[in-house]
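> So TrEMBL has the following annotated:
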type	residues	note
TRANSMEM	23-45	transmembrane segment
DOMAIN	23-440	domain 'Ammonium transporter AmtB-like'
TRANSMEM	57-80	transmembrane segment
TRANSMEM	127-147	transmembrane segment
TRANSMEM	159-182	transmembrane segment
TRANSMEM	188-209	transmembrane segment
TRANSMEM	221-241	transmembrane segment
TRANSMEM	247-271	transmembrane segment
TRANSMEM	283-302	transmembrane segment
TRANSMEM	308-328	transmembrane segment
TRANSMEM	349-368	transmembrane segment
TRANSMEM	393-418	transmembrane segment
């Protein structure tokens, strides 16, 4: 067995396989996966009101699992396969041994002077890595509709959006589509992932409708410490997010990981300082949002800009989304009308667009030659002129327009069959109405949702205020034998 490992061309290690690249790419894929599972699952389950903890975590969990099957059945090759249209690849399965063990290749990336992208590892590794990106895009999108979207509608939405929206952006910008060959720069998903999820999430929030008025007015996290833990998993996992984008363990990967951390730290500190200046005290939730915008903003150029530029991008990331969220949001009728639960529009769409524009200014020709096979690319500050910024804006416009149109169409079709929003009486209850489960057993076991008693008075609400929870064997019964019936307290 030992001798076969060093044979001339062993079946498990063909000549084209670079074991270091393969090991790093699998590690990077795992790190990105941890961002979703358990990173965003924990973050969503803790940053929302107590009554929505289970539902919010499950929406992320379901999106992750459902994406994988769709991805290997048809999605991967629609995003990274042979060209069908300038913005779409040919659908096909990524399940057979012959396909998965051959050398990875993005066939549509070859055009003119641009060579075909061929990483030094098997197709299976690329399928897994790109799946993690597709999954986290849907999980991020979910943040806009937490606290009221019908879970059955969400279950129908996730595979359709992955097929008809995500694959188009991925092929256009990464898989060899028209934006890729035109020279729009998106190193690791500022547009494909963050601008898409922010715009699609905002659009979905518009069509689904708002939360209850009481939830919009008060939606405090049920566990800030767990929220920080989830945010920490996101930050650390971003090493794989941006470090895996070059498809190799090379210099660009090292620069990208360093720049990612520098931008995140700078943005967090900038956001926190603005909170102290304008509100008198630092906000932990604000710090997590600042961390997020720093990570998002650097993503389109993480391996393409110098580290001093990452500091500048972090400063913009901590201030521009802060301004749109804290100031502009309150002055815009549209932003106030649409109930974007976790402000995904500001933290991902605004930050992703900002990062794309700054990349068009700050990307260096040296790093672009290392990372991008498209010849002649350079930021405006390095001789690229305003043309590169124009390309960045045009690419963003395509992503925005496609996501608004396709997300709207998908939800309108689903709405013909399944209500997009939960009924108000179930919204009063939350997790137990949606799943028959609660995150915290504050009153003991055995609570059940009784839909026939939704007009009964409840603690924290009057008659007709929603459903009531009945349970067998309440705390009061166990302690005093008085037979008191327990109800849910709205936290």
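The count begins at 1 with the first shown residue.
Quick reminder: no glycine exception, Cβ is built from N, Cα and C everywhere.
Heads up, TrEMBL stuff is auto-annotated, nobody curated it.
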> So which residues does the transmembrane segment (23-45) touch in its own chain, when a touch means Cβ under 8 Å and the partner is 6 or more beyond its ends?
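Tertiary neighbours of the transmembrane segment (23-45) are 53-54, 56-57, 59-61, 64, 119, 121, 125-126, 128-129, 131-133, 135-136, 139-140, 142-143, 146, 226-227, 229-231, 233-234, 236-241, 243-244, 247-249, 253, 342, 439.
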> Can you give the mean pLDDT for the domain 'Ammonium transporter AmtB-like' (23-440), rounded to a whole number?
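Within the domain 'Ammonium transporter AmtB-like' (23-440), the model's average pLDDT equals 94.
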> With pairs restricted to those 6 or more apart in sequence, evaluate whether the transmembrane segment (349-368) and the transmembrane segment (221-241) have 3+ C-beta pairs under 8 Å.
no
> Of the listed stretches 127-147, 159-182, 188-209, 283-302, which one has the most C-beta pairs under 8 A with the transmembrane segment (393-418)?
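Top-ranked stretch among 127-147, 159-182, 188-209, 283-302: 188-209.
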> Suppose I define contact as three or more CB-CB distances under 8 A, residues 6 or more apart in sequence; do the transmembrane segment (127-147) and the transmembrane segment (247-271) meet it?
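No, the stretches stay apart by this measure.
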> Are there residues at least six beyond either end of the transmembrane segment (188-209) with Cβ under 8 Å to its Cβ atoms? List them, or say none.
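Apart from its flanks, the transmembrane segment (188-209) reaches 133, 136-138, 140-145, 148-149, 153, 157, 161, 165-166, 169-170, 173-174, 241-242, 244-245, 256, 296-297, 299-303, 337-341, 344-353, 355-356, 359, 395-396, 399-400, 403-404, 406-408, 411-412, 415, 420-421.
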> Counting Cβ pairs under 8 Å to the transmembrane segment (247-271), which of 159-182, 221-241, 283-302 comes out on top?
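Between the stretches 159-182, 221-241, 283-302, 283-302 has the largest tally.
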